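Pulled from TrEMBL:
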DOMAIN    44-131  domain 'Phosphagen kinase N-terminal'
DOMAIN    158-400  domain 'Phosphagen kinase C-terminal'
BINDING   161-165, H224, R269, 325-329, 353-358  ATP binding site
Amino acid sequence: EKPGVQPSRELNPGLHMINRDKVHYTTLCVRCFYVFACYYIYHCLGVPILADYPDLRKHNNCMASALTPAIYAKLRDRVTSNNWTIDQCIQTGVDNPGHPFIKTVGMVAGDEESYELFAELFDPVIKDRHNGYDPRTMKHPTDLDASKISSGVFDERYVLSSRVRTGRSIRGLSLPPACSRSERREVEKVAVQALSGLRGDLAGRYYSLSEMTELEQQRLIDEHFLFDKPVSPLLTAAGMARDWPDARGIWHNNDKNFLIWINEEDHTRIISMEKGGNMKRVFERFCRGLKQVEHLIQERGWEFMWNERLGYILTCPSNLGTGLRAGVHIRLPKLGKDPRFNKILDNLRLQKRGTGGVDTAAVGDVFDISNNDRLGRSEVELVQMVIDGVNYLIECEKRLEKGQDIKIPAPLPQFRK
C-alpha cells in the first residue's frame, strides 16, 4: 500500500481490526509464515517435498520452535543405516502439541546416528532444552568420583527418600523407538548376562515382565519397582510400547537399593535409591554400580553410546549428557504453599514433581525435587547442586516454621549467560 492510502480489506483481511493510530506495521507469527512459505513453495515453485511439512502452528515444543521448511527439505530424504528418518524423529512432537505452559522436547532419536545425520534439527533443540548448551562448540564433562560430594546427608525430618538414576544405551543396536524385536531381545540378553556378574552388595537377580508370576509382579508393585506399559502419548507416539512386554524386565540387587530397568524408554535405566536422606551414600552406590556394569558390558564386547559433544546418548534429547536425575522426596508443608517456591526452584536449577512423579499432585505436602539440568555439567556437579539446593529448601522451611522471612536466591549461571 502507498503511504496515506486506505489499505484494502480484501487484500488484507483483518487489518481493519488494527488501531492504525497506534500500530503502523505488524508481522505474521513466525510459524504461520512457515506454513504460508510451504504453501507458496509447493504450489508456486513446484517443490513437492514440502507438501509433507507438518502444521506446527499450535505446537509448544522445542522441535516445533526449531523446524523450518528449509531444514525439513534438507533432512527429509536422509535415512540412517537403520532406516530411521526425520519424520519418525518428529512424529511424537507432531502428534502431541504440548502444554501451553510446559515446553516439551517434541522429538526422539531412533539410533545413535540420528543425532549426527539430523544435527541441523537436533542441535538447536538440544540448545533450547539444555539452557544454551551448544553441541556444535561445547564438550560434555563426565565425573563419577563420589568422594567429591560434600554435605550429602539431609535432615530426615524433611527428606523421606533419596534416589539417583541414569540411562545407558548399547552401541550398535537401535534405540527403543526404532528397534526390532530381535534387537530388543539382544539388549535384554547383553544386559542380563552382564548384570549376572555383579558381586557383593550389588548381586541380585532379573525378573522378566513376560515371565514373572503374579506374586512376583505384586511384590514389585508394592515395592514401587515395577514400571508399567507406557501410556503417555509422548511415548506411544514414538513407538516405545510396541510388542509389550516382550524383552522387558527389572533387575535388582538383594538389598533392593540398586536396580536396572531394561527396555523401557531407554535400553537400560540404572537406579540407586533408599529411604532417608543419605544422598552421598546413594550416589556412591550409583557410581560404583554404574562403573561395574559398564566394565561387565565391555568384557562381553559391547560398549555404551557416548561422544564428547553429547555425552551419553539416550532416546530423548532431554536426557543427553549425564542422563542423570538426582532427587529426593521432601516434606515442605509451609514452603510448598509459599508463592516464592517456584521461583526459588528455578533459581536453584531444580524441578518439582508431585509425590507420584510427573503430572501428579503433592500428597501430604511431599514433593519430588530433582535437578533440572542433564547436559554440560558432570554427575558430581549435578548431585552437588541438588544437595546444596535441597539444603536451602530445608533451611527455608525451618525459617517459615519460626515465622521468619526467606529470600529468593540469586539464579545459578546458565550456558546462555
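Here the Cβ of each residue, glycine as well, is placed from N, Cα and C on the backbone.
Given the structure is predicted, the values throughout are model-derived calculations rather than measurements.
The structure, with features from TrEMBL marked on it.
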residue : record           : Cβ within 10 Å
S161    : ATP binding site : 18
V164    : ATP binding site : 27
R269    : ATP binding site : 22
G327    : ATP binding site : 23
R353    : ATP binding site : 16
Mapped DSSP class for G327 (ATP binding site), helix or strand or coil: strand
Integer mean pLDDT for the domain 'Phosphagen kinase C-terminal' (158-400): 94
The domain 'Phosphagen kinase N-terminal' (44-131), counted residue by residue under DSSP: helix, strand, coil: 44 helix, 4 strand, 40 coil
